[in-house]
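Here's what TrEMBL has on this protein:
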- 512-524: compositional bias 'Acidic residues' (COMPBIAS)
- 24-506: domain 'Major facilitator superfamily (MFS) profile' (DOMAIN)
- 512-536: region 'Disordered' (REGION)
- 20-49: transmembrane segment (TRANSMEM)
- 69-88: transmembrane segment (TRANSMEM)
- 100-119: transmembrane segment (TRANSMEM)
- 125-143: transmembrane segment (TRANSMEM)
- 164-193: transmembrane segment (TRANSMEM)
- 213-232: transmembrane segment (TRANSMEM)
- 294-312: transmembrane segment (TRANSMEM)
- 348-368: transmembrane segment (TRANSMEM)
- 375-395: transmembrane segment (TRANSMEM)
- 401-426: transmembrane segment (TRANSMEM)
- 438-462: transmembrane segment (TRANSMEM)
- 482-502: transmembrane segment (TRANSMEM)
Amino acid sequence: MPQEQLKVLNALDVAKTQWYHFTAIVIAGMGFFTDAYDLFSISLVTKLLGRIYYTHPGSLKPGTLPPNVSAAVNGVAFCGTLSGQLFFGWLGDKMGRKKVYGMTLMMMVVCSLASGLSFGNEPKSVMATLCFFRFWLGFGIGGDYPLSATIMSEYSNKKTRGAFIAAVFAMQGFGNLTGGIFALIVASAFKAAFPAPSYEVNAAASLVPQADYVWRIILMFGAIPAVMTYYWRMKMPETARYTALVANNAKQAAADMSKVLQVEIQEDQEKAVVEKKKNQFGLFSKQFMKRHGLHLLGTALCWFLLDIAFYSNNLFQKDIFTAVGWLPKAQTMSAVQEVYMVARAQTLVSLCGTVPGYWFTVAFIDILGRFFIQLMGFLFMTGFMFGLAIPYNHWTKPGNHIGFVVMYAFTFFFANFGPNATTFVVPAEIFPARLRSTCHGISAAAGKAGAIIGAFGFLYLAQSPDATKTDAGYPPGIGVKNSLMILGGICALGFFATFLVPEANGISLEEMSGENEDQSEDEYQTAGVDNRTVPV
């Protein structure tokens with residue numbers, strides 16, 4: 001039986017959209033802005049790193065990172081992110097959202113700066129230290145996923161909660177866009193200050209010594225937005241739901257939210273104690289599995305499947321960029337010119353595909369609902385993947401490239417106006433307050449495992465079956481067409497996995513998680529046996 005909700009939580013649920021909502025979006029969103037900048041900026045400079053550290057004198061083409069080095073440089077941050085999502089998600093439920101929020105931000109600042117200060121000038125030492133700092137950078141970024149989502153969901157009202165959480169996530173698009181724009185500015189400045197011929201004209205002169213500063217400046221810039229937000233993060237009060245339901249201090253929660261909402265809230269401390277005693281089952285208990293087991297499976301599985309498809313887009317970007325003339329052949333450019341061209345291509349992709357999709361979700365998530373948007377997104381992704389795969393030979397012929405680009409753009413528009421946003425939103429809404437950050441971290445970590453498979457497993461899989469046509473250093477694979485077919489099947493699995501996830505639109509967090517039900521744990525125990533594990 002549902003029981004009366006704590007006054008402070010009810011006040012948050014029915015609060016009108018106010019200035020503090022937008023402040024919270026900006027503070028939490030700037031973390032995601034930084035996350036996206038730091039994670040995606042490495043793709044802007046990998047070609048430059050190859051030229052600086054792996055060019056062989058006399059070679060007809062400029063150097064590129066060997067496959068194992070490229071995988072390490074690009075993937076080590078994903079491994080760190082996965083670890084951070086699990087660790088900081090758990091810590092956010094143990095210590096509180098606010099305390100841990102500051103830790104993750106400072107780790108991001110320090111490691112962003114350190115990424116540009118890699119030691120030595122030998123390829124091995126530079127790449128090893130770069131990978132070391134990017135792992136810990138990813139570790140800090142990982143903590144931002146569960147904490148930002150949980151904080152925003154616990155601050156929001158029922159009516160616009162989905163839009164607020166999605167707006168935090170949508171800041172990723174601006175982070176990605178800013179990475180491209182800043183790289184354009186840096187590359188333009190260095191091109192003007194230190195002119196250089198193309199590689200085919202003069203291989204040695206095409207790489208000016210000052211180019212070594214370019215990649216370092218681009219990576220280190222990621223620390224600036226994080227530093228700017230640190231003060232405001234520390235000024236935010238702990239969320240009322242954590243204070244009242246987990247820390248068991250309803251009076252403090254009421255006092256904090258009275259200042260935020262600018263209304264007087266009087267709370268009954270005894271009522272909060274009763275609520276806390278009622279719901280104490282842990283993550284590994286039968287009660288949790290009975291109430292939320294399928295939900296956790298659904299959020300983790302959907303995020304895992306989505307990220308395999310979403311991050312595999314790295315496979316096809318180089319084909320698209322080359323097809324439409326955005327990326328000339330490497331030997332026709334100088335080192336800094338290549339950075340400029342790569343940045344221009346990524347900026348255009350972000351501007352036309354990534355950013356609009358995110359904000360479509362923000363606009364419609366509380367109208368259409370999470371379930372519908374996720375289902376629609378997976379459905380269209382499946383259709384467009386098969387639309388790319390089945391007539392793949394047609395798309396590769398001269399004159400047909402524009403159709404390929406349009407299909408590709410729609411695939412990722414519906415990823416962002418679809419499961420890429422909803423998989424972030426839903427885990428922050430459907431689990432109990434004392435396990436909310438942990439469960440979001442588990443779901444996000446499953447997604448990052450999918451990202452690692454998508455970005456690196458498929459990089460090998462999509463190589464041509466003809467050994468003479470593979471990229472340098474890669475073994476033969478199954479080809480791009482067959483890889484696209486598999487990705488279409490993965491998106492179809494995501495469509496069906498969505499049915500495991502409940503709709504949270506317009507429902508309070510306590511109602512979704514069952515925390516305001518007038519039931520004791522005795523009802524979830526078999527006769528005379530206590531099934532409750534020690535809460536984690």
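For all residues, glycine too, the Cβ spot is worked out from N, Cα and C.
Where the annotation comes from TrEMBL, it is an automatic prediction and has not been curated.
Here the structure is a predicted model, which means the values were calculated and not measured.
Note: the stretches the transmembrane segment (164-193) and the transmembrane segment (348-368) are in contact (3+ CB pairs below 8 A, sequence gap of 6 or more). The stretch in closest packing with the transmembrane segment (294-312), judged by the count of Cβ pairs under 8 Å and taken from 69-88, 100-119, 125-143, 438-462, 482-502, is 438-462.
In this chain, the transmembrane segment (438-462) does not touch the transmembrane segment (348-368); fewer than three CB pairs sit within less than 8 A of each other, excluding pairs fewer than 6 residues apart. With a cut-off of 8 Å between Cβ atoms, the residues of this chain six or more beyond the transmembrane segment (69-88) that come close are 38-39, 42-43, 46, 49-50, 54, 100, 103-104, 123, 127, 130-131, 134-147, 437, 441-442, 444-445, 448-449, 451-452, 455-456, 459. For the transmembrane segment (125-143), the residues of the chain that approach it from at least six positions outside its boundaries are 34-35, 38-39, 42, 49, 53, 69, 72-73, 76-89, 91-92, 100, 103-108, 111-112, 114-115, 118-119, 441, 444-445, 448, judged by C-beta separation under 8 angstroms. Highest Cβ pair count under 8 Å relative to the transmembrane segment (438-462), across stretches 20-49, 100-119, 375-395, 401-426, 482-502: 482-502.
Per-residue pLDDT, averaged across the domain 'Major facilitator superfamily (MFS) profile' (24-506), gives 87. When Cβ-Cβ distances below 8 Å are used as the criterion, the transmembrane segment (482-502) is approached by residues 294-295, 297-299, 301-302, 305-306, 308-309, 312, 315, 370-371, 374-375, 378-379, 381-382, 385-386, 388-390, 392, 419, 426, 430, 458, 461-462, 512 of the same chain, each at least six residues removed from its ends. Away from its own ends, the transmembrane segment (375-395) comes close to residues 306, 309, 368, 401, 403-404, 407-408, 410-411, 414-415, 417-420, 422, 480-482, 484-485, 487-488, 491-492, 494-495, 498 of its chain (Cβ-Cβ under 8 Å, at least six residues beyond either end).
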